[in-house]
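Novice: Dumping the structure here so I can ask a few things about it.
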Amino acid sequence: MNEGDERDAAVEPPAEPTEGNPSVRRVSDWDAERLADLAAEHGTPLYVQDLDRVRENCERLRDAFPDADVRYAVKAHTGRAVLEAVRESELDAECASAGEVDRALAAGFGGERLHYTAVNPPARDLDYVAGVAEAEPDLTVTVGAVDTLDRLAKRGYDGRVCVRVNPGVGAGHHEKVRTGGAAKFGVPYDRAADAARRAAERFDVVGVHAHAGSGIDPEQLDSHRELVARMGELARELVDPSDANTAPLDLEYVDVGGGFGVPYEEDEPPLDLPAVAEATREAVAPLPSGVDLAIEPGRYVVADAGALLTRVNTVKPTPDERVVGVDAGMTDLLRPAMYDAYHPIRNLGGGRNADGSDASAPDDRSATPVTVAGPICETGDTLCRNRALADPTRGDLLAVGVAGAYGYEMASQYNSRPRPAEVALDDGTAAVVRRRETLGDLTAVEREPNRDRHDRTDRTEAGR
Ligand SMILES: *Cc1c(COP(=O)(O)O)cnc(C)c1O
(Lines of atoms letter the chains of each structure in order from A and count residues from 1; the text may use other names and numbers.)
(Lines give C-alpha, C1' and ligand atoms only; values in the text may rest on other atoms or scores of the structure.)
Protein backbone atom coordinates (compact mmCIF):
# COMPACT_ATOMS: atom_id res chain seq x y z
CA MET A 1 0.00 0.00 0.00
CA ASN A 2 1.53 3.34 -0.93
CA GLU A 3 0.89 6.56 0.95
CA GLY A 4 -1.81 7.73 -1.43
CA ASP A 5 -3.77 4.53 -0.91
CA GLU A 6 -3.48 4.88 2.82
CA ARG A 7 -4.93 8.39 2.70
CA ASP A 8 -7.80 7.20 0.52
CA ALA A 9 -8.50 4.32 2.87
CA ALA A 10 -8.58 6.69 5.83
CA VAL A 11 -11.27 8.94 4.38
CA GLU A 12 -13.44 6.12 3.10
CA PRO A 13 -16.69 5.97 5.08
CA PRO A 14 -17.18 2.86 7.19
CA ALA A 15 -19.21 0.07 5.63
CA GLU A 16 -22.97 0.46 5.94
CA PRO A 17 -24.18 -1.52 8.89
CA THR A 18 -26.71 -4.22 8.13
CA GLU A 19 -30.26 -2.92 8.55
CA GLY A 20 -31.22 -3.04 12.21
CA ASN A 21 -27.95 -4.74 13.06
CA PRO A 22 -25.40 -2.09 14.02
CA SER A 23 -21.75 -3.09 13.88
CA VAL A 24 -21.29 -2.27 17.55
CA ARG A 25 -23.37 -1.92 20.69
CA ARG A 26 -21.92 0.73 22.99
CA VAL A 27 -22.44 0.84 26.74
CA SER A 28 -24.58 3.94 26.10
CA ASP A 29 -26.94 1.87 23.91
CA TRP A 30 -28.18 -0.31 26.77
CA ASP A 31 -31.59 0.49 28.27
CA ALA A 32 -30.60 2.07 31.62
CA GLU A 33 -33.94 1.44 33.27
CA ARG A 34 -33.89 -2.21 32.33
CA LEU A 35 -30.41 -2.68 33.73
CA ALA A 36 -31.38 -0.88 36.95
CA ASP A 37 -34.39 -3.19 37.34
CA LEU A 38 -32.25 -6.28 36.81
CA ALA A 39 -29.71 -5.10 39.39
CA ALA A 40 -32.50 -4.37 41.85
CA GLU A 41 -34.01 -7.80 41.36
CA HIS A 42 -30.89 -9.95 41.22
CA GLY A 43 -28.28 -7.95 43.12
CA THR A 44 -24.79 -7.00 42.05
CA PRO A 45 -22.28 -7.76 40.72
CA LEU A 46 -24.41 -9.09 37.89
CA TYR A 47 -23.56 -10.09 34.35
CA VAL A 48 -26.20 -9.40 31.73
CA GLN A 49 -25.84 -11.20 28.40
CA ASP A 50 -28.19 -10.32 25.56
CA LEU A 51 -28.78 -13.36 23.36
CA ASP A 52 -30.45 -11.26 20.68
CA ARG A 53 -27.21 -9.32 20.29
CA VAL A 54 -25.27 -12.60 20.18
CA ARG A 55 -27.51 -13.65 17.28
CA GLU A 56 -26.96 -10.32 15.52
CA ASN A 57 -23.20 -10.72 15.82
CA CYS A 58 -23.41 -14.24 14.38
CA GLU A 59 -25.51 -12.92 11.53
CA ARG A 60 -23.03 -10.17 10.65
CA LEU A 61 -20.25 -12.75 10.59
CA ARG A 62 -22.30 -15.03 8.35
CA ASP A 63 -23.10 -12.13 6.04
CA ALA A 64 -19.48 -11.03 5.79
CA PHE A 65 -18.16 -14.57 5.28
CA PRO A 66 -20.99 -16.27 3.36
CA ASP A 67 -18.79 -19.07 1.98
CA ALA A 68 -16.69 -19.71 5.07
CA ASP A 69 -17.09 -22.17 7.92
CA VAL A 70 -17.63 -19.95 10.97
CA ARG A 71 -16.71 -21.55 14.28
CA TYR A 72 -17.41 -19.88 17.57
CA ALA A 73 -14.40 -20.03 19.92
CA VAL A 74 -16.34 -21.23 22.93
CA LYS A 75 -13.83 -20.05 25.52
CA ALA A 76 -14.99 -16.44 25.16
CA HIS A 77 -18.28 -17.34 26.86
CA THR A 78 -19.31 -20.93 27.58
CA GLY A 79 -22.74 -20.30 29.08
CA ARG A 80 -25.33 -22.82 27.93
CA ALA A 81 -27.78 -20.17 26.69
CA VAL A 82 -25.06 -18.50 24.60
CA LEU A 83 -23.94 -21.81 23.13
CA GLU A 84 -27.50 -22.64 22.13
CA ALA A 85 -28.00 -19.22 20.53
CA VAL A 86 -24.77 -19.71 18.57
CA ARG A 87 -25.79 -23.20 17.50
CA GLU A 88 -29.17 -21.93 16.29
CA SER A 89 -27.30 -19.23 14.37
CA GLU A 90 -25.54 -22.05 12.53
CA LEU A 91 -22.00 -21.46 13.71
CA ASP A 92 -19.85 -24.45 14.65
CA ALA A 93 -18.03 -24.74 17.99
CA GLU A 94 -14.28 -24.51 18.53
CA CYS A 95 -13.34 -25.94 21.92
CA ALA A 96 -10.11 -25.61 23.86
CA SER A 97 -10.62 -28.33 26.46
CA ALA A 98 -12.56 -31.46 27.33
CA GLY A 99 -14.79 -29.28 29.47
CA GLU A 100 -15.68 -27.09 26.53
CA VAL A 101 -16.34 -30.13 24.32
CA ASP A 102 -18.62 -31.44 27.04
CA ARG A 103 -20.52 -28.14 27.22
CA ALA A 104 -20.84 -27.92 23.43
CA LEU A 105 -22.22 -31.47 23.25
CA ALA A 106 -24.71 -30.65 26.00
CA ALA A 107 -25.78 -27.56 24.04
CA GLY A 108 -26.60 -29.75 21.07
CA PHE A 109 -23.57 -29.43 18.80
CA GLY A 110 -23.10 -32.70 16.93
CA GLY A 111 -19.63 -34.08 16.18
CA GLU A 112 -19.67 -32.67 12.65
CA ARG A 113 -19.86 -29.18 14.19
CA LEU A 114 -17.25 -29.76 16.90
CA HIS A 115 -13.61 -28.78 16.67
CA TYR A 116 -11.31 -29.53 19.56
CA THR A 117 -8.05 -27.59 19.57
CA ALA A 118 -5.52 -29.49 21.64
CA VAL A 119 -2.79 -27.30 23.14
CA ASN A 120 -0.48 -29.45 25.28
CA PRO A 121 -3.60 -31.47 26.06
CA PRO A 122 -3.71 -33.11 29.47
CA ALA A 123 -4.08 -36.92 29.27
CA ARG A 124 -7.51 -36.65 30.84
CA ASP A 125 -8.69 -34.37 28.01
CA LEU A 126 -7.36 -36.70 25.30
CA ASP A 127 -8.95 -39.72 26.97
CA TYR A 128 -12.26 -37.90 27.05
CA VAL A 129 -12.14 -36.64 23.47
CA ALA A 130 -11.02 -40.01 22.09
CA GLY A 131 -14.03 -41.48 23.89
CA VAL A 132 -16.39 -38.88 22.45
CA ALA A 133 -15.00 -39.55 18.97
CA GLU A 134 -16.24 -43.14 19.13
CA ALA A 135 -19.83 -41.88 19.31
CA GLU A 136 -19.18 -38.72 17.26
CA PRO A 137 -16.68 -39.77 14.59
CA ASP A 138 -17.14 -36.51 12.67
CA LEU A 139 -15.50 -34.35 15.30
CA THR A 140 -12.15 -32.83 14.39
CA VAL A 141 -9.06 -32.58 16.57
CA THR A 142 -6.72 -29.70 15.80
CA VAL A 143 -3.20 -30.67 16.72
CA GLY A 144 -0.23 -28.38 17.26
CA ALA A 145 2.56 -30.88 17.94
CA VAL A 146 3.66 -34.23 16.55
CA ASP A 147 3.62 -35.57 20.12
CA THR A 148 -0.10 -34.93 20.30
CA LEU A 149 -0.65 -37.03 17.16
CA ASP A 150 1.32 -39.82 18.76
CA ARG A 151 -0.71 -39.57 21.96
CA LEU A 152 -3.98 -39.67 19.99
CA ALA A 153 -2.80 -42.75 18.10
CA LYS A 154 -2.00 -44.49 21.40
CA ARG A 155 -5.65 -43.98 22.35
CA GLY A 156 -6.84 -45.66 19.17
CA TYR A 157 -7.90 -42.41 17.53
CA ASP A 158 -7.61 -42.40 13.75
CA GLY A 159 -10.26 -39.84 12.86
CA ARG A 160 -10.29 -36.29 11.56
CA VAL A 161 -7.24 -34.16 12.28
CA CYS A 162 -6.36 -30.59 11.46
CA VAL A 163 -2.75 -29.45 11.75
CA ARG A 164 -2.20 -26.26 13.68
CA VAL A 165 0.63 -24.23 12.24
CA ASN A 166 2.72 -21.57 13.86
CA PRO A 167 2.75 -19.04 11.06
CA GLY A 168 5.51 -16.96 12.62
CA VAL A 169 3.24 -13.91 12.51
CA GLY A 170 1.43 -12.63 15.55
CA ALA A 171 -1.27 -10.09 16.24
CA GLY A 172 -3.09 -9.04 19.35
CA HIS A 173 -4.07 -6.22 21.63
CA HIS A 174 -1.61 -7.35 24.32
CA GLU A 175 1.49 -9.55 24.26
CA LYS A 176 -0.30 -12.14 26.42
CA VAL A 177 -2.88 -12.82 23.71
CA ARG A 178 -0.50 -12.91 20.75
CA THR A 179 -0.21 -16.55 19.81
CA GLY A 180 0.80 -16.59 16.15
CA GLY A 181 4.49 -15.99 16.85
CA ALA A 182 4.73 -17.87 20.15
CA ALA A 183 6.50 -21.24 19.93
CA LYS A 184 3.91 -22.71 22.29
CA PHE A 185 1.30 -22.80 19.56
CA GLY A 186 1.42 -24.94 16.46
CA VAL A 187 3.94 -26.80 14.35
CA PRO A 188 6.59 -24.41 12.97
CA TYR A 189 5.56 -23.27 9.50
CA ASP A 190 8.57 -24.84 7.76
CA ARG A 191 7.76 -28.26 9.18
CA ALA A 192 4.00 -28.07 8.83
CA ALA A 193 3.69 -29.65 5.37
CA ASP A 194 5.85 -32.55 6.42
CA ALA A 195 3.92 -33.01 9.69
CA ALA A 196 0.60 -32.95 7.84
CA ARG A 197 1.75 -35.56 5.31
CA ARG A 198 3.04 -37.85 8.01
CA ALA A 199 -0.16 -37.43 9.99
CA ALA A 200 -2.11 -38.48 6.89
CA GLU A 201 -0.54 -41.94 7.12
CA ARG A 202 -2.82 -42.65 10.06
CA PHE A 203 -5.38 -39.86 10.36
CA ASP A 204 -7.85 -38.18 8.07
CA VAL A 205 -6.10 -34.81 7.67
CA VAL A 206 -8.87 -32.37 6.78
CA GLY A 207 -7.42 -28.95 7.39
CA VAL A 208 -4.65 -26.60 8.37
CA HIS A 209 -5.11 -24.00 11.05
CA ALA A 210 -3.46 -20.88 12.46
CA HIS A 211 -4.64 -18.38 15.02
CA ALA A 212 -2.60 -15.20 15.19
CA GLY A 213 -3.91 -13.98 18.51
CA SER A 214 -6.69 -11.73 19.63
CA GLY A 215 -7.43 -8.25 18.39
CA ILE A 216 -7.45 -7.96 14.62
CA ASP A 217 -7.95 -4.24 14.23
CA PRO A 218 -7.42 -1.77 11.42
CA GLU A 219 -3.73 -1.29 12.37
CA GLN A 220 -2.96 -4.98 12.43
CA LEU A 221 -4.68 -5.94 9.24
CA ASP A 222 -1.34 -6.32 7.47
CA SER A 223 -0.06 -9.04 9.78
CA HIS A 224 -3.44 -10.78 9.52
CA ARG A 225 -3.16 -10.67 5.74
CA GLU A 226 0.34 -12.10 5.88
CA LEU A 227 -0.78 -14.99 8.06
CA VAL A 228 -3.70 -15.75 5.80
CA ALA A 229 -1.51 -15.65 2.68
CA ARG A 230 0.96 -18.09 4.22
CA MET A 231 -1.86 -20.45 5.11
CA GLY A 232 -3.25 -20.30 1.57
CA GLU A 233 0.18 -21.15 0.24
CA LEU A 234 0.50 -24.11 2.61
CA ALA A 235 -2.91 -25.45 1.60
CA ARG A 236 -2.01 -25.24 -2.11
CA GLU A 237 1.23 -27.08 -1.50
CA LEU A 238 -0.55 -29.86 0.40
CA VAL A 239 -3.40 -30.30 -2.07
CA ASP A 240 -1.23 -29.92 -5.15
CA PRO A 241 2.37 -30.74 -4.15
CA SER A 242 5.20 -29.15 -6.12
CA ASP A 243 7.05 -32.48 -6.01
CA ALA A 244 5.24 -34.95 -8.26
CA ASN A 245 6.30 -37.85 -6.00
CA THR A 246 4.51 -36.44 -2.98
CA ALA A 247 0.99 -37.67 -2.32
CA PRO A 248 -1.63 -34.90 -2.31
CA LEU A 249 -3.88 -34.37 0.70
CA ASP A 250 -7.61 -34.01 0.45
CA LEU A 251 -8.06 -30.88 2.58
CA GLU A 252 -11.51 -29.49 3.37
CA TYR A 253 -10.53 -26.16 4.85
CA VAL A 254 -7.95 -23.55 5.77
CA ASP A 255 -8.76 -22.14 9.20
CA VAL A 256 -7.24 -18.71 9.81
CA GLY A 257 -8.39 -18.44 13.42
CA GLY A 258 -10.19 -15.72 15.33
CA GLY A 259 -9.09 -12.44 16.81
CA PHE A 260 -11.74 -10.17 15.30
CA GLY A 261 -11.50 -7.04 17.42
CA VAL A 262 -14.29 -5.10 19.07
CA PRO A 263 -14.12 -1.42 20.01
CA TYR A 264 -13.73 -1.19 23.78
CA GLU A 265 -13.20 2.57 23.85
CA GLU A 266 -16.22 4.78 23.29
CA ASP A 267 -14.71 6.63 20.32
CA GLU A 268 -12.98 3.64 18.73
CA PRO A 269 -14.47 2.76 15.36
CA PRO A 270 -15.90 -0.74 14.96
CA LEU A 271 -14.08 -3.27 12.82
CA ASP A 272 -15.05 -2.97 9.18
CA LEU A 273 -15.99 -6.65 8.97
CA PRO A 274 -16.80 -6.72 5.24
CA ALA A 275 -13.38 -5.17 4.55
CA VAL A 276 -11.63 -7.72 6.77
CA ALA A 277 -13.54 -10.49 5.02
CA GLU A 278 -12.54 -9.13 1.62
CA ALA A 279 -8.89 -8.84 2.66
CA THR A 280 -8.99 -12.38 4.04
CA ARG A 281 -10.50 -13.86 0.89
CA GLU A 282 -8.00 -12.02 -1.28
CA ALA A 283 -5.01 -13.08 0.81
CA VAL A 284 -5.94 -16.76 0.99
CA ALA A 285 -6.71 -17.00 -2.76
CA PRO A 286 -6.57 -18.98 -4.85
CA LEU A 287 -7.94 -21.78 -2.72
CA PRO A 288 -7.82 -25.21 -4.33
CA SER A 289 -11.30 -26.38 -5.33
CA GLY A 290 -13.15 -28.08 -2.51
CA VAL A 291 -11.13 -26.21 0.13
CA ASP A 292 -13.11 -23.70 2.22
CA LEU A 293 -12.00 -20.80 4.32
CA ALA A 294 -12.75 -21.18 8.04
CA ILE A 295 -12.67 -18.59 10.81
CA GLU A 296 -12.94 -18.87 14.60
CA PRO A 297 -14.27 -15.68 16.18
CA GLY A 298 -14.79 -15.74 19.93
CA ARG A 299 -14.82 -12.20 21.29
CA TYR A 300 -16.67 -10.77 18.31
CA VAL A 301 -19.67 -13.01 18.94
CA VAL A 302 -20.24 -12.19 22.60
CA ALA A 303 -18.26 -9.13 23.76
CA ASP A 304 -20.71 -6.29 23.13
CA ALA A 305 -23.65 -8.54 24.05
CA GLY A 306 -22.57 -8.43 27.70
CA ALA A 307 -22.44 -5.89 30.50
CA LEU A 308 -21.34 -6.17 34.10
CA LEU A 309 -23.41 -4.26 36.66
CA THR A 310 -21.77 -3.15 39.86
CA ARG A 311 -22.87 -0.98 42.77
CA VAL A 312 -20.90 1.90 44.29
CA ASN A 313 -20.41 1.35 48.02
CA THR A 314 -17.66 3.84 48.88
CA VAL A 315 -16.60 7.25 47.61
CA LYS A 316 -13.26 8.39 48.95
CA PRO A 317 -11.64 11.68 48.02
CA THR A 318 -7.85 11.49 48.37
CA PRO A 319 -5.19 14.08 47.52
CA ASP A 320 -4.30 12.28 44.29
CA GLU A 321 -7.50 10.76 43.04
CA ARG A 322 -11.13 10.25 43.81
CA VAL A 323 -11.56 6.54 44.57
CA VAL A 324 -14.91 4.97 43.89
CA GLY A 325 -15.28 1.59 45.57
CA VAL A 326 -17.58 -0.95 43.90
CA ASP A 327 -18.68 -4.52 44.58
CA ALA A 328 -17.17 -6.00 41.39
CA GLY A 329 -13.45 -6.56 41.10
CA MET A 330 -10.79 -8.47 39.23
CA THR A 331 -12.39 -11.73 40.37
CA ASP A 332 -15.49 -10.80 38.35
CA LEU A 333 -13.77 -9.10 35.41
CA LEU A 334 -10.07 -9.87 35.14
CA ARG A 335 -9.26 -8.14 31.86
CA PRO A 336 -8.30 -4.71 33.24
CA ALA A 337 -5.91 -6.25 35.80
CA MET A 338 -4.51 -8.89 33.45
CA TYR A 339 -4.26 -7.04 30.14
CA ASP A 340 -4.56 -3.38 31.22
CA ALA A 341 -7.75 -3.61 29.20
CA TYR A 342 -10.08 -0.66 28.83
CA HIS A 343 -13.77 -1.23 29.48
CA PRO A 344 -16.27 1.58 29.04
CA ILE A 345 -18.11 2.48 32.24
CA ARG A 346 -21.42 4.29 32.45
CA ASN A 347 -22.96 5.66 35.60
CA LEU A 348 -26.63 4.68 35.69
CA GLY A 349 -27.25 6.61 38.90
CA GLY A 350 -29.74 5.63 41.55
CA GLY A 351 -27.55 6.57 44.52
CA ARG A 352 -28.21 8.84 47.48
CA ASN A 353 -26.69 12.09 48.64
CA ALA A 354 -25.04 12.29 52.05
CA ASP A 355 -28.27 13.70 53.52
CA GLY A 356 -30.24 10.69 52.29
CA SER A 357 -32.00 12.47 49.42
CA ASP A 358 -31.98 10.98 45.92
CA ALA A 359 -28.93 11.99 43.94
CA SER A 360 -29.51 13.87 40.69
CA ALA A 361 -29.68 12.01 37.38
CA PRO A 362 -26.18 11.16 36.08
CA ASP A 363 -26.70 13.41 33.05
CA ASP A 364 -27.01 16.38 35.41
CA ARG A 365 -23.75 15.69 37.22
CA SER A 366 -20.34 16.99 36.30
CA ALA A 367 -17.84 14.65 34.66
CA THR A 368 -15.25 13.94 37.34
CA PRO A 369 -12.02 11.91 37.02
CA VAL A 370 -12.36 8.86 39.26
CA THR A 371 -10.59 5.58 39.92
CA VAL A 372 -13.06 2.72 40.18
CA ALA A 373 -11.69 0.04 42.50
CA GLY A 374 -12.99 -3.37 43.50
CA PRO A 375 -13.03 -5.22 46.84
CA ILE A 376 -9.95 -7.42 46.28
CA CYS A 377 -6.73 -6.95 48.24
CA GLU A 378 -4.63 -6.22 45.14
CA THR A 379 -3.43 -2.89 43.82
CA GLY A 380 -4.28 -4.04 40.32
CA ASP A 381 -7.92 -4.46 41.28
CA THR A 382 -9.22 -1.38 39.49
CA LEU A 383 -11.70 -1.16 36.63
CA CYS A 384 -10.35 2.23 35.53
CA ARG A 385 -8.01 4.96 36.77
CA ASN A 386 -8.71 8.67 36.71
CA ARG A 387 -11.46 8.39 34.15
CA ALA A 388 -14.11 11.07 33.78
CA LEU A 389 -17.50 9.68 34.84
CA ALA A 390 -20.71 11.40 35.87
CA ASP A 391 -19.58 11.97 39.46
CA PRO A 392 -20.46 8.71 41.28
CA THR A 393 -22.17 8.73 44.63
CA ARG A 394 -22.83 5.92 47.09
CA GLY A 395 -25.54 3.56 45.84
CA ASP A 396 -25.08 4.38 42.16
CA LEU A 397 -25.18 1.54 39.68
CA LEU A 398 -22.34 1.38 37.16
CA ALA A 399 -22.55 -0.55 33.90
CA VAL A 400 -19.24 -1.90 32.63
CA GLY A 401 -19.62 -2.40 28.90
CA VAL A 402 -18.24 -4.87 26.35
CA ALA A 403 -17.94 -7.41 29.16
CA GLY A 404 -19.50 -10.41 27.42
CA ALA A 405 -16.23 -11.98 26.25
CA TYR A 406 -13.65 -13.36 28.69
CA GLY A 407 -15.65 -11.82 31.51
CA TYR A 408 -17.45 -14.48 33.50
CA GLU A 409 -15.12 -17.01 31.85
CA MET A 410 -12.09 -15.63 33.67
CA ALA A 411 -13.92 -15.05 36.95
CA SER A 412 -12.36 -16.68 39.99
CA GLN A 413 -13.03 -17.14 43.68
CA TYR A 414 -9.82 -15.41 44.78
CA ASN A 415 -10.21 -13.68 48.15
CA SER A 416 -13.00 -16.24 48.72
CA ARG A 417 -15.41 -14.22 46.68
CA PRO A 418 -18.35 -16.15 45.24
CA ARG A 419 -18.69 -15.63 41.49
CA PRO A 420 -21.47 -13.30 40.32
CA ALA A 421 -24.84 -14.22 38.87
CA GLU A 422 -25.65 -13.94 35.19
CA VAL A 423 -28.92 -13.04 33.53
CA ALA A 424 -29.64 -13.74 29.87
CA LEU A 425 -31.96 -11.50 27.89
CA ASP A 426 -33.83 -13.30 25.18
CA ASP A 427 -36.42 -11.58 23.04
CA GLY A 428 -37.47 -9.30 25.87
CA THR A 429 -37.46 -11.83 28.69
CA ALA A 430 -34.79 -12.11 31.36
CA ALA A 431 -33.73 -15.36 33.03
CA VAL A 432 -31.02 -16.19 35.55
CA VAL A 433 -28.71 -18.55 33.69
CA ARG A 434 -25.96 -18.68 36.30
CA ARG A 435 -27.02 -18.27 39.88
CA ARG A 436 -24.87 -16.24 42.22
CA GLU A 437 -22.43 -18.49 44.07
CA THR A 438 -22.83 -18.78 47.82
CA LEU A 439 -20.24 -18.97 50.58
CA GLY A 440 -21.05 -22.69 50.68
CA ASP A 441 -19.98 -23.04 47.04
CA LEU A 442 -16.53 -21.77 48.03
CA THR A 443 -15.86 -24.78 50.23
CA ALA A 444 -17.97 -27.35 48.38
CA VAL A 445 -14.94 -29.20 46.99
CA GLU A 446 -12.99 -29.26 50.25
CA ARG A 447 -12.58 -32.52 52.16
CA GLU A 448 -11.60 -33.07 55.76
CA PRO A 449 -7.90 -33.85 56.07
CA ASN A 450 -6.95 -37.27 57.45
CA ARG A 451 -8.72 -37.19 60.80
CA ASP A 452 -7.29 -40.50 62.03
CA ARG A 453 -3.76 -39.20 62.10
CA HIS A 454 -4.82 -36.11 63.99
CA ASP A 455 -6.68 -38.23 66.49
CA ARG A 456 -3.61 -40.42 67.03
CA THR A 457 -1.40 -37.36 67.50
CA ASP A 458 -3.85 -36.00 69.98
CA ARG A 459 -3.79 -39.24 71.98
CA THR A 460 0.01 -39.35 72.02
CA GLU A 461 0.16 -35.78 73.21
CA ALA A 462 -2.44 -36.52 75.86
CA GLY A 463 -0.54 -39.62 76.98
CA ARG A 464 2.64 -37.75 77.70
C1 LIG B 1 -9.01 -17.88 21.68
C2 LIG B 1 -9.02 -18.50 20.34
C3 LIG B 1 -9.87 -18.01 19.32
C4 LIG B 1 -10.75 -16.80 19.50
O5 LIG B 1 -10.08 -15.63 19.75
P6 LIG B 1 -10.93 -14.26 19.81
O7 LIG B 1 -9.93 -13.22 20.00
O8 LIG B 1 -11.84 -14.38 20.98
O9 LIG B 1 -11.67 -14.15 18.54
C10 LIG B 1 -9.88 -18.69 18.13
N11 LIG B 1 -9.09 -19.77 17.91
C12 LIG B 1 -8.27 -20.26 18.85
C13 LIG B 1 -7.45 -21.45 18.56
C14 LIG B 1 -8.20 -19.64 20.08
O15 LIG B 1 -7.37 -20.13 21.02
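Cβ from N, Cα, C; glycine included.
What TrEMBL says about a protein is an automatic prediction, not a curated fact.
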Novice: According to TrEMBL, G259, E296, P297, G298, R299 bind pyridoxal 5'-phosphate; identify which of Y157, Y406, Y408 is listed for that same site.
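Specialist: When TrEMBL describes the pyridoxal 5'-phosphate site, the candidate it includes is Y406.
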Novice: Can you tell me the CA-to-CA distance separating K75 (N6-(pyridoxal phosphate)lysine) and C377 (active site, proton donor), as a whole number of Å?
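Specialist: The separation of the Cα atoms works out to 27 Å.
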Novice: Pull the DSSP breakdown for the region 'Disordered' (350-373) and write it out as helix, strand, coil residue counts.
Specialist: 3 helix, 9 strand, 12 coil
Novice: Select one residue from K75, C377: among these recorded positions, choose the one with the most other Cβ atoms within 10 Å of its Cβ.
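Specialist: It comes out as K75.
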